[in-house]
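Annotation comment: Swiss-Prot describes 10-75 as domain 'TRAM'. What Swiss-Prot lists as [4Fe-4S] cluster binding site is Cys88, Cys94, Cys97, Cys173, and the listing cites sequence analysis. According to Swiss-Prot, the S-adenosyl-L-methionine binding site annotation covers Gln276, Phe305, Asn310, Glu326, Asn353, Asp374, on the basis of sequence analysis. Per Swiss-Prot, active site, nucleophile is recorded for Cys400.
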Amino acid sequence: MAIFYSEKTAKQTAKNCCKTTARQIVNIHSLDYQGLDVAKINGKTWFIENALPNEQVLIHVIEEKRQYGRAKANKILQASPLRQQPSCISYPQCGGCQMQHIKLDVQRQTKQQAFFKQLQRLQTEPIDWQPMISGQDKHYRRRTKLSMAIQRNQLVIGFRQQNTHQIIPLTDCEVLEQPLSTLLPKLQHLFAGWKMKKALGHIELVNADNTRAMLVLHIGKINAQDQHMLLNFAKAEQLSLYLMCDENHIEHLCGEAPYYQINGLTLHFCIRDFIQVNQPLNQKMVNKALEWLAITAEDRILDLFCGIGNFSLPIAQQAGFVVGVEGVEEMVKQAKINQQTSGLNNIAFYQTNLAESFVDQHWATQPFNKVLLDPARQGALFCLDHLMALTPERIIYISCNPATLMRDAEKLIRHGYKIAKSAVIDMFPHTGHLESISMFIK
C-alpha cells in the first residue's frame, strides 16, 4: 500500500503492546492515500481509521489477521494540526466518506504524492507530473444509491455504517448535489407511510441535466395504494420514476428519459447505465483527454470500455474516425442512439466482451493510431495483449484503481511504451478513491 506523510522523528511504538488488545493506546506514524493511518504494534502493521500522523489515539480493534490488523481510533489523546472538524454530523458513522477529518489540501497532497511515487517506480525516464484535476469538495455527486431497512420497527433510509450492515438515517448529505440532498427527508416521510415496507430494496437517484430520476427496487408486487402514493410523489416533485423488481425488468412510470450534456452533445442514458457521478470533473477529464490525444483530422481513434459515448463522441468532433467498444449491450444501444442524435457520421459503436480475445472482430482489423482506455476497477490487462497488435502510437488511460493501473502500466512498458505524463483526478473528495489520467507513448 502506498504510504505518505511518514514523520522521520516519529517513534513507531505502542504502549501496552505485550499483546494486541481490543482497546489500546498507539502512536501513529504515517498516512496512506485512502486515509488509513499506519502504526506498528508487536511488529505487526495496523491500518487505523480516524487517526493522523503524530497523533496518540485510543484504538478499538476491528479485525486482526496474521500479517496485519484493522482498527479505529475512538478517542484522540494527542491531536495533529492536520486534523479538522468534520462538517457532516453523520461522520464518521456514515460510510459515505472516510476522510472528512483530514484537511482537504492534505487529502489531495497525500493522494498525489502516493500515486506519483508508485507510478515513477515503473520506469527510469522522468514522468511529466501534471497538476491535480480537482473541483469543489461538497455537493459534487449527481448519483447515489440509498439503502433501506427496518431498524427498531422503523424504516430507515441512508448509507451503510462503516464496518457494519447498519444504516445511518440521512435527512441531508453535503456530498450529494443539492437537488438530490433535498429529497432525503421527503423520501423518509414518503416511505414511512407505505403498507408494504418489507418489499422495499433500495433507491437509486440521479440528477440529470433535464430531470431528477428515481429508481425503486422492490421485492414482489407493490400494492395499488403504495404505488399510487409513490406516483403522486414523483409527479409532485417532477421526478422521472422507475420501478425494478428484478435485473431484467425496469418499468418507467413517469417523467422524461434522463440525459446530460458535454461539449455541446446530448447523451441520453438509461437509469442504470454507468455515468461519471461528478459532472464538473467529468467535463475537465474529457477535455484533458482530448488535449492529450492531440487529435487531428487524420486520426483513427479507438475508445475501449466506451460506455454510452462519454469520450467517444467528443473525440469524434475532432478526429477523422472513431470506434467505440463496450461490453454491456444495452449501453452500446444507447451509445448508437446518442451517435444518431449527435449527427456525427464518423463514429461506430460495437459490443464486444473485452475480457475475451477480440482479434477476430471486424473493428479490430481496422487501423488505429491512438487509443483511449477507460476500464472499470478490474483494469484492462487482458485486452492489452490484443491491443498491442494494433501498435497505437499513443494511449490515454483513465483509471479508477491505482493497483490495476500499476499492473497494466508495467505491461505497457514491457511492450515498449513509456509514461509521458500523468495527473490525479480528485473525483471523490473526502473518500479513499483515487482516479487518474496517464499518457503512454512509443
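The backbone N, Cα and C atoms fix where each Cβ goes, and this holds for glycine too.
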Next item on the list: May I ask which of the binding-site residues Cys88, Cys94, Cys97, Cys173 is closest to Asn353 (S-adenosyl-L-methionine binding site) if we compare their C-alpha atoms?
Entry: Cys97
Check: Reported as an integer number of Å, what is the Cα distance between Asp374 (S-adenosyl-L-methionine binding site) and Cys400 (active site, nucleophile)?
Finding: 8
Note to self: Can you check which residue among the binding-site residues Glu326, Asp374 has the largest number of Cβ atoms within 10 Å of its own?
What the structure shows: Glu326
Check: Under a three-state reduction of DSSP output, how is Cys97 ([4Fe-4S] cluster binding site) classified: helix, strand, or coil?
Finding: coil
Notebook entry, point to check: Which one of these binding-site residues, Cys88, Cys94, has the sparsest Cβ neighbourhood, judged by other Cβ atoms within 10 angstroms?
Noted result: Cys88
Notebook entry, point to check: Cβ within 8 Å of the [4Fe-4S] cluster site's Cβ centroid: which residues qualify beyond Cys88, Cys94, Cys97, Cys173?
Noted result: Ser90, Tyr91, Gly96, Gln100, Phe159, Leu170, Glu174, Val175
Next item on the list: Taking Cα atoms as reference points, rank the binding-site residues Cys97, Phe305, Asn310 by distance from Cys400 (active site, nucleophile) and give the first.
Entry: Phe305
Note to self: Using a 10 Å cut-off on Cβ-Cβ distances across all protein chains shown, tell me which of the binding-site residues (Gln276, Asn310, Asn353) has the largest neighbour count.
What the structure shows: Asn310
Item checked: Count of other CB atoms lying within 10 Å of the CB belonging to Cys400 (active site, nucleophile) -> 19
Check: Greatest CA-CA distance (Å) over the residues Gln276, Phe305, Asn310, Glu326, Asn353, Asp374 that the record ties to S-adenosyl-L-methionine?
Finding: 21
Margin query: Using the alpha carbons only, what distance in Å do you get between Phe305 (S-adenosyl-L-methionine binding site) and Cys88 ([4Fe-4S] cluster binding site) once rounded?
Written below: 35
Notebook entry, point to check: Per-residue pLDDT averaged over the domain 'TRAM' (10-75) comes to what?
Noted result: 77
Item checked: Alpha-carbon distance [Gln276 (S-adenosyl-L-methionine binding site); Cys88 ([4Fe-4S] cluster binding site)] in Å -> 24
Item checked: Minimum Cα separation from Cys94 ([4Fe-4S] cluster binding site), reported as the residue among binding-site residues Gln276, Asn310, Glu326 that achieves it -> Gln276
Notebook entry, point to check: By a simple count, how many Cβ atoms lie within 10 Å of the Cβ of Cys173 ([4Fe-4S] cluster binding site), its own Cβ left out?
Noted result: 25
